[in-house]
Amino acid sequence: MSSYTLNTPLDTYAKRASTRAIFFVAGFAMGLWASLVPYAQNRLHFDAGSLGLLLLCLGTGSLLAMLFSGKLIGRLGCRKIMLLGIALTCIFLPTLAIIDQFPFMALCLFFFGAGIGLADVAVNVQGSLVEQSSDKPLMSGFHCLFSIGSIAGAGGGAILFTLGLMPLTVTFIAIGVIAIITATVFSELIPFGDHKEPNAVGMTKPRPNFRLVLMALMCMICFMAEGAILDWGGVFLTNDRGLDITHAGWGFAIFGVTMSIMRFTGDKVVSLLGRKRVLVLSSIIAMSGYAVAVIIPDWKFTLLGFALVGIGAANIVPVLITLAGQEKVMPVNMSVAMVATLGYFGVLGGPALIGFIAHLTDLYTAFSIVALTFLVIAVGAFKLKYVNELPSLQE
């Protein structure tokens, strides 16, 4: 029997710390996988096309898990779904370091991705519940810990590989880190999925309204813009800007650093400006970043443009997750899951769409189209509902 009731305070230091810790864990697992990718490619003797197909299995697993996560969280609560997601991640992480046959690797990546997807939605639901119980913005700070976790996972893995450790050994060390963090914060993970009805499945046949659909579209656009730099930024720098291939990773690295810094300060920015202004200004900055990267034919300005995109995109998704959790037409577990899941289509389909456009035209055109999509976010911000903000910040 859970000791949680409707009156249990959620805005406590322990709850905020546990939420940040699980965001870190989710990012840490993804970052570690990023450090394992070259080893997997060499072990399987894959070219770029085959590797892309393999990575699609991870994305598909995440997406399918997200599709069911809202109902699962409503029935079982955040804590159980987070633990299920983390367990799947830890069970299949070592297999990604040793399997050398495509069918089995694809299957393991699918379940690894499913674990990441479940944990991702569950921790966003917990973050939304904790933030709603607070009198100040918290979501950007939560997402900052995901970014820091990604850097720690990728960087930590790279350091351990440099020291001569084998991939399998590194995964077991990572599992130990994940287990220690999860066990430490276990008691503070929220056991229910909606702050109104801790033991309820949720509303009968909840239906999204226009605002939730718009938020999902805006989230998809932001994820697509991130994926564009992740998958195509290096190609653009080397093929179109003449940067040496050994420095191709600079683009996403600078993007990631500026995004992390901006998320670290994001809660204060939201408190100062309000969520509507943050959405509008952030989309304009991100669009300007793409414009700088495309228009000025110098790799240094391209890097500057990617940095601006990181600054602009940093707080868009956290704000949208917050607003989704505040909508009353659906329980928090359903609204947050819907926006996160549909937004994830931008991660899966966005880079492929950009590649298709680039094939028909060029990357200049593809990046220009991505830049223009931020206008949807800037305009859409005026159609959303803002709760718990000073009137002056809602204007």
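Heads up, the Cβ atoms here are built off N, Cα and C, so glycines get one too.
Copied over from TrEMBL:
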DOMAIN    211-395  domain 'Major facilitator superfamily (MFS) profile'
TRANSMEM  21-39  transmembrane segment
TRANSMEM  51-69  transmembrane segment
TRANSMEM  81-98  transmembrane segment
TRANSMEM  104-123  transmembrane segment
TRANSMEM  144-166  transmembrane segment
TRANSMEM  172-192  transmembrane segment
TRANSMEM  212-235  transmembrane segment
TRANSMEM  247-266  transmembrane segment
TRANSMEM  278-297  transmembrane segment
TRANSMEM  303-324  transmembrane segment
TRANSMEM  336-357  transmembrane segment
TRANSMEM  363-382  transmembrane segment
Same-chain residues at least 6 beyond the ends of the transmembrane segment (51-69) whose Cβ lies under 8 Å from its Cβ atoms: 33, 37, 40-41, 44, 81, 85, 102, 105-107, 109-118, 120-122, 333, 337, 340-341, 344-345, 347-348
Contact yes or no, the transmembrane segment (21-39) and the transmembrane segment (363-382), 3+ Cβ pairs under 8 Å, gap 6+: no
Contact between the transmembrane segment (247-266) and the transmembrane segment (336-357) (at least 3 Cβ pairs under 8 Å, separation 6+): no
Residue numbers, six or more beyond the limits of the transmembrane segment (303-324), whose CB comes under 8 Å of its CB atoms: 124, 127-128, 131, 137, 139-140, 142-143, 211-212, 215, 218-219, 222-223, 225-226, 229, 233, 237, 250-252, 254-260, 262-263, 266, 269-270, 275, 278-279, 282-294, 296, 335-336, 338-340, 343, 374, 377, 384-386
The transmembrane segment (172-192) versus listed stretches 104-123, 144-166, 336-357: most Cβ pairs under 8 Å: 144-166
Intrachain residues whose Cβ lies under 8 Å of the transmembrane segment (104-123), provided they are six or more past its termini: 19, 22-23, 25-26, 29-30, 33, 40, 44, 54-55, 57-66, 69-70, 72-73, 78, 81-82, 84-93, 95-96, 142, 336-337, 340-341, 344
